[in-house]
Amino acid sequence: MTYLQESSRPAVTVPKLQAMREAGEKIAMLTSYDASFAALLDRANVDVQLIGDSLGNVLQGQATTLPVTLDDIAYHTACVARAQPRGLVVADLPFGTYGTPADAFASAVKLMRAGAQMVKLEGGEWLAETVRFLVERAVPVCAHVGLTPQSVHAFGGFKVQGKTEAGAAQLLRDARAVEEAGAQLIVLEAVPTLVAAEVTRELSIPTIGIGAGAECSGQVLVLHDMLGVFPGKRPRFVKDFMQGQPSIFAAVEAYVRAVKDGSFPGPEHSF
């Protein structure tokens, strides 16, 4: 069996994401962890496939993402890359693997050798030096600000960020800092819609929202969440796209359409 797909669809590259932002075309991003789903997501025209440390939650059954290792991410990145998706392959740097710029570079090299085309790191102003270090060494970077799940204990739980005037100002400083350091993409998680809209206007790079309203340049969800495969209470920002659909492929197509036409997320999925 082979997972290689014949496709005339042009590959999504880092410059292509920037061009999409400038053209006003929304970016559809989903997490991806194996070759089978990578091939399916690619057929559904998902623009970016993220090998997220969320695999700790949805694959390993962990309560947080903290136990996920670099080897875990590298293994799943290689699985996704073997499907040769046309969408951009982005891999998370797990907790504890980018404490210094040198550590971050060593971790990024391992993931890029496994097939990643960009790495994602959680953090704002304090991370700018590391972002710059990576970009100067030809590592494309996606930053992640707002609710950063690796900081769950520091936050005292999974809480919306940027709700106060001071919090919103800090979030904007964080976003500007990583952009100025060279990040080419930024995820805004669990951020009030108005704050995320302001950040999106202020930056020149694409913003990807998850619980950050419809004004971002694109959206991301955890694959298992949007397919209705989640234990316990569904997060506010998640929509179950499997409802009313005959197949997983149809559900993913519905997600991509909803992101592209701006119907997802709605106010009920935002803060």
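Backbone N, Cα and C define each Cβ position, glycine as well.
The annotation Mg(2+) binding site is assigned in Swiss-Prot to Asp53, Asp92, Glu122. Same-chain residues at least 6 positions away in sequence with a Cβ under 8 Å from that of Glu122 (Mg(2+) binding site) are, in sequence order, Ala143, His144, Val145, Thr148, Pro149, Gln150, Ser151.
Residues within less than 8 Å, Cβ to Cβ, of Lys120 (3-methyl-2-oxobutanoate binding site) and separated from it by at least 6 positions along the same chain comprise Leu50, Gly52, Val90, Ala91, Asp92, Leu93, Val141, Cys142, Ala143, His144, Val187. Taken from Swiss-Prot, the feature 3-methyl-2-oxobutanoate binding site applies to Asp53, Ser54, Asp92, Lys120, supported by sequence analysis.
Taking a C-beta cut-off of under 8 angstroms and a sequence separation of 6 or more, Glu189 (active site, proton acceptor) has the following same-chain neighbours: His144, Val145, Gly146, Leu147, Thr148, Pro149, Gln161, Gly209, Ile210, Gly211, Ala212. Secondary structure at Glu189 (active site, proton acceptor), as computed by DSSP, is strand. Annotation source Swiss-Prot lists active site, proton acceptor at Glu189.
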- [ ] Other than Asp53, Asp92, Glu122, which residues of the same chain sit close to Mg(2+)? List them in sequence order, counting a residue when its Cβ is within 8 Å of the Cβ centroid of the site.
- [x] Gly52, Ser54, Thr65, Val68, Leu93, Pro94, Phe95, Lys120, Leu121, His144, Pro149, Gln150
